[in-house]
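Annotated compositional bias 'Polar residues' per Swiss-Prot: 900-913, in sequence order. Residues annotated as phosphoserine in Swiss-Prot: SER899, SER905. Positions annotated as region 'Arm-like' by Swiss-Prot: 886-949. Positions annotated as topological domain 'Cytoplasmic' by Swiss-Prot: 2-66, 117-243, 465-989, 1033-1051, 1118-1132, 1188-1204. Taken from Swiss-Prot, the feature topological domain 'Extracellular' covers 88-95, 265-443, 1073-1096, 1154-1166.
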Amino acid sequence: MAAAAAVGNAVPCGARPCGVRPDGQPKPGPQPRALLAAGPALIANGDELVAAVWPYRRLALLRRLTVLPFAGLLYPAWLGAAAAGCWGWGSSWVQIPEAALLVLATICLAHALTVLSGHWSVHAHCALTCTPEYDPSKATFVKVVPTPNNGSTELVALHRNEGEDGLEVLSFEFQKIKYSYDALEKKQFLPVAFPVGNAFSYYQSNRGFQEDSEIRAAEKKFGSNKAEMVVPDFSELFKERATAPFFVFQVFCVGLWCLDEYWYYSVFTLSMLVAFEASLVQQQMRNMSEIRKMGNKPHMIQVYRSRKWRPIASDEIVPGDIVSIGRSPQENLVPCDVLLLRGRCIVDEAMLTGESVPQMKEPIEDLSPDRVLDLQADSRLHVIFGGTKVVQHIPPQKATTGLKPVDSGCVAYVLRTGFNTSQGKLLRTILFGVKRVTANNLETFIFILFLLVFAIAAAAYVWIEGTKDPSRNRYKLFLECTLILTSVVPPELPIELSLAVNTSLIALAKLYMYCTEPFRIPFAGKVEVCCFDKTGTLTSDSLVVRGVAGLRDGKEVTPVSSIPVETHRALASCHSLMQLDDGTLVGDPLEKAMLTAVDWTLTKDEKVFPRSIKTQGLKIHQRFHFASALKRMSVLASYEKLGSTDLCYIAAVKGAPETLHSMFSQCPPDYHHIHTEISREGARVLALGYKELGHLTHQQAREVKREALECSLKFVGFIVVSCPLKADSKAVIREIQNASHRVVMITGDNPLTACHVAQELHFIEKAHTLILQPPSEKGRQCEWRSIDGSIVLPLARGSPKALALEYALCLTGDGLAHLQATDPQQLLRLIPHVQVFARVAPKQKEFVITSLKELGYVTLMCGDGTNDVGALKHADVGVALLANAPERVVERRRRPRDSPTLSNSGIRATSRTAKQRSGLPPSEEQPTSQRDRLSQVLRDLEDESTPIVKLGDASIAAPFTSKLSSIQCICHVIKQGRCTLVTTLQMFKILALNALILAYSQSVLYLEGVKFSDFQATLQGLLLAGCFLFISRSKPLKTLSRERPLPNIFNLYTILTVMLQFFVHFLSLVYLYREAQARSPEKQEQFVDLYKEFEPSLVNSTVYIMAMAMQMATFAINYKGPPFMESLPENKPLVWSLAVSLLAIIGLLLGSSPDFNSQFGLVDIPVEFKLVIAQVLLLDFCLALLADRVLQFFLGTPKLKVPS
């Protein structure tokens, strides 16, 4: 998946988006500044995908900066100098001195880096090979900068086509989305305008395309209805990886080692690199093939064109078509996003949202023609998304006028196709999301600069000291200085970080959690505030109807068996439930519980019949569905009068008690007291309204407005529903709080119910909870009021911190809206101190999350993926729980990716081994069991590769999706996040220490003639590689710790521990070096010959053993372990790797195998000196360990940020 973003219009020379825009753009040439400033305005403000568009014109080959300075100046200058004998050699070309070769090598290196920088950065590529063009009509390419976390910058070709009016139309395609230039009005590139914002009258009266010319124009404008990708071949993907900066840097280092005559080591390192990159490319190709299968498979569909229904392939549909949608015997998926015009559908949206509850879709034929389609508000009820499956449909009534499909399907209008659909958007997230996971780039850069200071000092020392010997080869000396400088940039870093994140992705997938944006995993380790929705997240879906209150005196709850017939009718008819062909009832769990409680039966033709009481059944005619903003739902139903065929129409309404109060013509005097008291006990309360409308004509019934039903109602009771907490909610919330996190509830439910649940779960631990009451009259102030009404306080203008120390705070949607309008600064100060946000609309949930982020808190949001989409998307870590999913898996028989998922044809996948097992004769049972075992082994191996997020696993709602409905998944995400964060931090410490030890040994010791043999370097590299591989595969502990990890790489603890540990190692190395020198024969010459063949010596053997021991000690000391990850003894592969390294060091020190020692160029060490080395190594380890642990105790445990 990592390179999936390469698909699309890449630059011809293979430039790949890796650039990070430092301050905007490359320096302009001779263009005026005013025009440059206008550049980004070529894209509309607020575009979801593209942040800026910059037009460019490609330069002729010889004018490009990758060719001109080198071919036109530097190479000719070098040849001219060579011809003129400037380098000081004779007439023979064979006698080229090293200085000339050095200059030539520097020019070639500069040339290679210049060319490669165009591959690494699109910004650099544009600066080198293109010229900015301020008239888009003259441009040939555009540089497209995406919005944050939406992929990488790309240079894409600018296409020219003829428009409908005969004028030239400029367009480009970025991440499969087409943008066209509006040259007449806006002078901007705009995404293709789909017909999604028109009045309902436009869709209701639409008759599709009447002429072939209209169809051709639409096909030209919108393209085909395909959401597929091309999988690049192996060589193309490998070339992309082989030109990546770190890979090139490693190859450069290998070249330097070859020049320094480390042949075995160089070949070993290069082979490992190539093998690792090749395996990644193979995995990438497998992943891309998987993603490719996710698109919809074309099938025939009925479309109304040229005034008649005709079958066409689903990939030929264009926006504006009228299509027939219905249940398909082949289980075909809906091919695109459509607006339902006529007929009703029940749709399984699991492939898109992950929700297991099928959704009911209503037509817009009877809605107000003047209303404008709002995709955000109307999509849940009237839009059927591409990639979903219609499980049942009710065709339009034959008696009505309008289009009727020949296949008895429902009539729908095509809104969006291809990658522009909701399914296409999810596919694009999987395809073009952030490519590689990296640490904070700025911090990494500062850290490397910090190490570079030491490397420059070491290189300067080598050069100054080395040039004191006039006979010394300056070329070799320069090579050594270059090697020292390269040693501080750890080339393993990107691989290590990728391994750490991939380990977390695999672990989460095994826990039925899927992630579409892996870069968010380290954020989970930094989370400070955890926000939860209440209904369906903290509380269970298995609801209990206690009865109906308000029918008798006080808050007494009447059992459902004793309620009057009007209340029965209101409960039986006011819902959005539907019945499937197999008799299954689908819809909201609360409504299911209510219908079950009153014991009425719903039929397929929208009729309800009582089973427990003797009264007439009801026929539901119109539903005005529940909306979060309105907080109510109403229906128009009818029943037959006794002894007559005349229909008596009724209106039934249910909703929030405070919303319905003004709609009742009569209600009990203690109305507010009743619902308030019951809500305080934690129950969910909905008011019920009813009224008889008498006789209506069919026309009147069809045209009745919502407002006509929702007035002059008779109060028929409060339905009281208990929402029990999920089994593990209490334990999980306690664990999250104990792990130093603040927990907050953000719900659309009643504030009193929310506060009760918050108290049960210990969100609230104060004696009194204050709810902010907005002013009842103009000119008055907001006031805090306790739940029982005993405390009333004015809204403090000062810091809310003092108030929060004494009371728990609850903010309602009304209070939030009032403060937003009157005192936004006070609201921002208040938000971090509030424990419960109640009666908030989805947009307000989003506002709370974005406010917390703006205040600097790393925020997690956990919700149900339908009402909470905005909040989940904006949180640093958004986790969608799937409704009606099991809370836990009892026995895990298969891996998540083996679970039945809908393939592109809609047919359920079956296990290969299951097919093999079916119907085999007894003689074949033996080989089959072996095949099964082999399949299991292969599956287990595949288990360890990064999981591909499939449609149905991922949700369009959030970056993380849990297939289980328990909030235990929050603990899993935080554990994996902390583990990844700590792994990154320890990786930096280890790489920094190894780099510093290497810089010292390559400088001071190098000048003393200490160098390692080729075999020595190879053995050291092999042992290091094993440790690096296994340290990144650490697993988190079972429980979360109170201690928080350090959120950043660059901090006082890390700097001090690296410096102190290096100081201890430095002293040990200097001491042993001097001791070894004292036991060696005295040097005769003044200057050491640095270029003679490697000769084993006591000094070399001592320093080599010491350096190896220090590097292994660095791993053991800096492995973090508890409380964030398993301890060192539990990380078996790393323990074995360190044990092998330790045995190798002991074996080399004791000289137990003389042949082995001589092979690696080690001499026999005197026994008394062996003891000295062992003691120093032990002391070095203990002191470095002590330094790290003391610093960790004082500086290594950050505290949770307390709101001020």
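Even glycines carry a Cβ here, placed using N, Cα and C.
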Over the topological domain 'Extracellular' (265-443), work out the mean pLDDT and round it to an integer. 83
With DSSP as the reference, give the number of residues of the topological domain 'Cytoplasmic' (1118-1132) in helix, strand and coil. 5 helix, 1 strand, 9 coil
At a C-beta cut-off of under 8 Å, are there same-chain residues at least 6 beyond the topological domain 'Cytoplasmic' (1033-1051) that contact it? List them, or none. 439-440, 443-444, 446-447, 499, 503, 507, 525-526, 735-736, 738-740, 858, 971, 974-976, 978-979, 981-985, 988, 1119, 1122-1126, 1131, 1133-1134, 1195-1200
With Cβ-Cβ distances below 8 Å as the criterion, list the same-chain residues six or more beyond the ends of the topological domain 'Extracellular' (1154-1166) that contact it, or say none. 1012-1013, 1015-1016, 1019, 1079, 1094, 1096-1098, 1100-1102, 1104-1105, 1147-1148, 1173
Which residues of the chain, 6 or more past the ends of the topological domain 'Cytoplasmic' (1118-1132), have a CB below 8 A from one of its CBs? 978-979, 981-983, 985-986, 989-990, 993, 1030-1031, 1033-1037, 1041-1043, 1045, 1057, 1061, 1188
Report the DSSP secondary-structure composition of the topological domain 'Cytoplasmic' (1188-1204) as helix, strand and coil residue counts. 8 helix, 0 strand, 9 coil
Outside the topological domain 'Cytoplasmic' (1188-1204), at least 6 residues beyond either end, the same-chain residues with a Cβ under 8 Å of its Cβ set are 528, 740-742, 799, 801, 804, 832-833, 855-857, 1043-1047, 1051-1053, 1056-1057, 1060-1061, 1117-1118
